[in-house]
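**Q** Mind having a look at this structure? Questions to follow.
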């Protein structure tokens with residue numbers, strides 16, 4: 001039995017008497033108790049001053065600018081003059097089929113116009129009353145222009161480095177730089193999402209509805225040290241197995257083991273299947289026969305020695 005270690009008691013450092021402890025405590029707090037502060041003033045918080053200022057401005061009738069948090073940092077993806085297609089109502093004598101065809105025609109027309117605008121950088125203006133179409137050039141995007149300038153400057157700087165001359169580019173405005181950073185972050189996120197989408201395709205095996213498989217896939221690649229006439233090394237094909245020497249019916253394909261196979265087949269022919277050995281398995285029967293033959297040989301050798309000595 002192992003004894004548990006005795007944990008020593010906690011030692012009390014200092015004064016143990018509670019009255020003396022109280023005296024020491026009172027000595028420390030004698031300058032604090034019943035001693036009011038010299039300046040009885042409390043500083044007003046910044047939030048309260050801001051609130052007071054707002055109240056005074058509203059009373060005076062001043063306009064208050066409200067800046068919504070995070071609005072200035074939002075990306076401006078919306079168009080300057082978006083085209084609004086009104087609610088397409090069905091006419092009185094119009095059938096449902098004609099109405100749907102008209103809706104389809106209007107939507108396809110608007111999509112074609114949008115593609116044309118994006119391709120050639122123009123605005124297609126259609127007069128609702130007369131149906132007259134006019135085209136105006138789109139104003140250039142500041143961010144795209146700045147990106148082009150940046151690329152040009154970069155190419156120039158690369159050329160100048162090769163020549164040994166450097167041309168410094170124009171410094172960007174902080175607001176423009178902010179917009180460029182936002183656009184770069186957005187593009188990076190889109191690229192990452194596309195990459196993840198491509199990887200997800202290989203994770204799942206897509207099985208179509210009603211797909212039938214009649215057989216498992218055939219493995220064409222051979223494993224290491226496998227014979228050419230077989231796809232996979234089968235059990236029991238090795239020639240140096242103990243089981244082959246014990247079994248009566250052995251097929252020896254190789255020329256090296258033909259003699260061994262013949263001797264085994266000769267021995268198995270003389271097996272006696274009478275008595276209790278008849279019910280024994282082949283392996284145990286073989287072991288008993290080997291032991292019996294060994295003892296017979298030992299007995300014969302002993303007899304020969306006795307004859308020679310006499």
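Positions of Cβ are set from backbone N, Cα and C atoms, glycine also.
TrEMBL entries are annotated by machine, without manual review.
Feature annotation from TrEMBL assigns region 'Disordered' to 1-42, 60-83, 148-176. Marked as compositional bias 'Basic residues' by TrEMBL: 1-14. Among the features that TrEMBL reports, compositional bias 'Basic and acidic residues' is placed at 15-27, 70-80, 155-176. Residues annotated as compositional bias 'Polar residues' in TrEMBL: 32-42.
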**Q** Counting by DSSP, what is the helix, strand and coil composition of the region 'Disordered' (1-42)?
**A** 11 helix, 0 strand, 31 coil
**Q** Using a Cβ cut-off under 8 Å, which residues of the same chain at least 6 positions beyond either end of the compositional bias 'Polar residues' (32-42) come close to it?
**A** none
